[in-house]
Amino acid sequence: MALVHKLLNGTCILRKCPKPSVALYPFLGTRFADYCSSSLQKPAAVPGKASSQRKTEGDLQGHHQRDVALDITCPEEKPEVSFDKAIKDELKNHFWRLKDDIVNRWIGPEGRPLHEVLLEQARVVWKFRGKEDLDKWIVTSDKTIGGRSEAFLKMGKNNQSALLYGTLSSDTPQDGESSRSGYCAMISRIPRGPFERKRSYDWSQFNTLYLRVRGDGRPWMVNIREDTDIIQRKNQIYSYFMFTRGGPYWQDVKKKLYLYVFVRVYLKYKFLKVKLIPFSKFFFSNQGRIRDAQYQLLLDKISSIGFTLADKVDGPFFLEIDFIGVFTDPAHTEEFAYENSPELNPRLFK
Amino acid sequence: MNPLILTIILMTVFLGTMIVMASSHWLMIWIGFEMNLLAIIPILMKKYNPRAMEASTKYFLTQATASMLLMMAIIINLMHSGQWTITKVFNPTASIIMTLALAMKLGLTPFHFWVPEVTQGISLTSGLILLTWQKLAPMSILYQISPSINLNILLTMAVLSILVGGWGGLNQTQLRKIMAYSSIAHMGWMTAILVYNPTLTMLNMLIYIMMTLTMFMLFIHSSSTTTLSLSHTWNKAPLITTLILITLLSMGGLPPLSGFMPKWMIIQELTKNSSIILPTLMAIMALLNLYFYTRLTYSTSLTMFPSTNNMKMKWQFETKQITLLPPLIIASSLLLPLTPMLSILD
């Protein structure tokens, strides 16, 4: 009996369909089976309901079923237990991506024809329209070093934006070595190719970062990491500030874009602000310290982008992001905003 | 960089290669390689930024490993032959290890991974020196040990290099990476004919150096490192676009330009040695190279690529003086009729 149940459950997992509803009719009654195959709204209630149902049965078979029925939860909730299948799926997925990679190579850079890539003047790199878009980001806070800030990421209203929210707390962890604390960050995952090969973004034909965000007045920091193979460069970051403006004031959308027209009529007071940050303004820092020797951000191998909040103001925060893109601003001709001087870094002037 | 220091470093690079090419003692050859390597590192890091540092680190690590392998091969040869003079390397182990070490120095497949990464990370002038001058020393040693090289290994590496050079350059938009993959492919052609007729290797090397020099000079003139910036040269210097067209097609091996000469000679020599499938495969894979060269010419020379108004006048501090561009253009495009004079290379 238990074996039959387990077999049924096994097939249910593999096929991911509400099979037990039909199969369980003879054993457990229609109500439980229907409940099991229904939506996931109250998963916690299922075992309780099952036990109350089963208590009415009252025979040895029912007792057996009680032990077995506790394993039965809604089919969609149960984790995958088939190891072989998982490995096969993973391999198939990777080979499929490898095949796509090879075929795309014939078409052109990044799988599109060359003239299309060269003529492109704006590109949306990350947008938030569903849960799978949130998986491309990692949210972290100073909890990793023992602090008390919290940060969460969820989809915003109508799945049109992502909301990064939480509480910042600059209470230092009492571990004897940290003197400062209080940061929250949202960092994009490094793009991966087939077989988890590290990839990078090539933004060399663009010169401005385009962000459509709505904040709460807090100053955020935008950090960009370059793709690198050597470990000594893992803490090198190029950063710039993003000052958000919240509050109950009407704000004008600053610039109209060439390809994307943003006309959003809001009846409420806050609305999304467009942030344009030229790449020439990003300054170089290593291990959190801004270096005297400044280098230009080279755009041909970008690994990840991140937003950090560390403004030493305790309290709640939120940042709503619609999308993140890059575009070419033809009016922006600056290549690098910072100079190196012989006083600050004589090594470069020997 | 201080001009005196730069002169000393460049002289050391030059001296290192000359020591390699002129020595008959294996230890001196190794010393020459090391001098060359140590002196080229500041040249690679001339425009100092973290990317250049990473490129120099990668170059140093691969070349030092290759030098170590070379030293091991030298010592095995010493053990078996009892002398340090360069002659035919009789011991097969020493010969194979030496071939692999020199392949690593040249950037032949499967040791080619450093070439695009290093070339992309450094400035155009340093890339020029890397892809032209640095190939002379290992190629001269391969020339000298050519009678004893294992044919199977060398031909496999050559064919794979031509394939990887063509395939890898296919969807690049960065010009330095395109030149790096072109270098890998040309090294493949050079090493394929090494065992049969080393003279043709030298011919191919000369023509390749002239063409690569020309290409880099043209890139330096227009200060362009991406296909997009190169496609705007029609605004600034239309004559340069014509020269780019001619040089790229010459690199692709199209007759009646110079670049056709080495390919023709190599295919002829291989067929004389009863090898039919190999040159056919090589010629077909050279089409991949030709494809991405012609794609570059399409956006640069054959079309007036759209650009916004302020890109038309790209300002520069001073007009760039290009050394020896006219003779280089002539040499990289019009030398085909001089083919009967090949005998001077013997």
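Positions of Cβ are set from backbone N, Cα and C atoms, glycine also.
Source: prediction; values computed, not measured.
Under the heading transmembrane segment, TrEMBL lists B:5-21 (among others). Proximity of distant same-chain residues to the transmembrane segment (B:5-21), defined by a Cβ-Cβ separation under 8 Å and at least 6 residues beyond the stretch ends, is recorded for 28-29, 31-40, 42-43, 129, 133-134, 136-137, 140-141.
The domain 'NADH:quinone oxidoreductase/Mrp antiporter transmembrane' annotation in TrEMBL covers B:23-285.
The annotation transmembrane segment is assigned in TrEMBL to B:27-45 (among others).
Summarising the annotation, TrEMBL assigns transmembrane segment to B:57-76 (among others). Non-local neighbours of the transmembrane segment (B:57-76) in the same chain are 26-27, 29-30, 33-34, 37, 40-41, 44, 84, 89, 91, 93-95, 97-98, 100-102, 104-105, 111, 114, 117-118, 121, 130; each lies 6+ residues outside the stretch with a CB under 8 Å from one of its CB atoms.
What TrEMBL lists as transmembrane segment is B:96-115 (among others).
Taken from TrEMBL, the feature transmembrane segment applies to B:151-171 (among others).
Taken from TrEMBL, the feature transmembrane segment applies to B:202-221 (among others).
If you look up TrEMBL, you'll see B:233-254 (among others) marked as transmembrane segment. Outside the transmembrane segment (B:233-254), and at least 6 residues removed from its termini, the chain residues within Cβ reach (under 8 Å) are 182, 211-212, 214-215, 218, 221-222, 224, 260, 262-263, 286, 289-290, 293-294, 296-297, 300-302, 304-305, 307, 311-314, 325, 329, 332-333.
According to TrEMBL, the transmembrane segment annotation covers B:274-294 (among others). Cβ atoms under 8 Å from those of the transmembrane segment (B:274-294) belong to residues 155, 158-159, 162-163, 165-167, 169-170, 172, 178, 181-182, 185, 188-189, 192, 248-249, 251-254, 263, 266-267 of the same chain, restricted to positions at least 6 beyond its ends.
The feature domain 'NADH dehydrogenase subunit 2 C-terminal' is assigned by TrEMBL to B:290-342.
As annotated by TrEMBL, transmembrane segment applies to B:322-345 (among others).
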Cβ pairs under 8 Å only, please: of the recorded stretches B:27-45, B:151-171, B:322-345, which one is richest in them relative to the transmembrane segment (B:96-115)?
B:151-171
